[in-house]
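Copied from Swiss-Prot, the annotated features are:
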type    : residues                                                    : note
BINDING : THR16, GLY17, GLY18, ASN130, ARG171, SER203, ILE253, GLN298 : UDP-N-acetyl-alpha-D-glucosamine binding site
Amino acid sequence: MPEQKPYRIIISGGGTGGHIYPAVAIANAIKARFPDSEILFVGAQGRMEMQKVPAAGYNIEGLWISGIQRKLSLDNLAFPLKVIASYFKAKKIVSTFKPDIAIGVGGYASWPLLQAANASGVATLIQEQNSYAGVANKALSKKVKAICVAYERMERFFPGDKIVYTGNPVRKDIVDYKKYSEGAHTFFGLKPGVPTLFVMGGSLGARTINLSIERNLEQLKNAGIQVLWQTGKFYYEGLKQYNSETIKVTDFIADMNRAYAMADVIVSRAGALSISELSIVGKPCILVPSPNVAEDHQTKNALALSEKQAAWMVKDMNAPEELVQKALELMKNQDAQHTLSKNILTFARPDATERIVNKVFEIINTDRK
């Protein structure tokens, strides 16, 4: 019997941490199961995956690709050229690497790579993170072997026979966050036993959330609440002056497990990764959907929870006036905290990564027969 060749897998996508970290979680789970597997990432040149993926121990190729700007921009004139150039480079990558499967996790690079893989006869799989599918994934769904989703009723967008309900991949240290509870407050320079609000706006930051907190810091201090405030890299320099004994300001948090462990209430954008992590840790949260995303998918993500009393939602336009007031209200209301915590846990899928990897190898092994 001939020796089976190592599995060769391409994972494509990125642009934000919300796409990159789930992709790395999938890669890590594949490596844990089959250590000799060869994994290649394909991302967008100049985006954060070009640093984060090598830091996680994987090789990555970059495509000259970006999204269409909503405002009139010279960059938009180059978009068709970028798509064509990226497609042909993706074809070359696929033909050289010869993958058993190509996985798209969303982000600019996902579309040309999966199109190239489909055209080359390579099996493909989409991991759709949001409750509202984007244009690219809807177009790709016609040819992929499977679509791993995190929300119900995705038959609105995809062929029902291809949908696999897996949940979104989350890093193992987040799933095991309770192990990091001891010493979590002191890790961030905060005091145990004091009501703690954790504010996060994603790796790049959220202007409206930051403005809302900045305007109302005195109210939070006067209420006896301490704050861990993750500003994002674009806003940190202008906000670091507020760092104090009870307000800890940071641009980025690597130890999200500890941040979740010590938080009583969390304020967050409503990206798919954030919601998946919040569901697993089961902490009461207030979601402020970003209005600057395709198809307004963050609002749809947030509504999926708020309609089930699994989160509170504050519209971005209302956040400067309402967000901190809502946070103070929730910090004082133990019954509301309990209800939100109980309901958001029903959305948790701690085994999502393993479910996705199971489907990946089911497809590969079927094709290898």
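For all residues, glycine too, the Cβ spot is worked out from N, Cα and C.
Predicted, not measured: the structure shown is a model, and the values here were computed from it.
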Seminar exercise, completed: Other C-beta atoms within 10 angstroms of the C-beta of ASN130 (UDP-N-acetyl-alpha-D-glucosamine binding site) total 27
For this session: Return the residues near ILE253 (UDP-N-acetyl-alpha-D-glucosamine binding site), defined as same-chain residues 6+ apart in sequence whose C-beta is under 8 angstroms from its C-beta, sorted by sequence, else 'none'.
Result: MET200, LEU228, GLN230, ALA259
For this session: Using a 10 angstroms cut-off on Cβ to Cβ distances, just flag whichever of THR16, GLN298 is the loneliest among these binding-site residues.
Result: THR16
For this session: Provide the number of Cβ atoms within 10 Å of the Cβ of GLY18 (UDP-N-acetyl-alpha-D-glucosamine binding site), excluding the reference atom itself.
Result: 24
Problem set entry | Cβ neighbours of ARG171 (UDP-N-acetyl-alpha-D-glucosamine binding site) where a neighbour is any other Cβ within 10 Å | 19
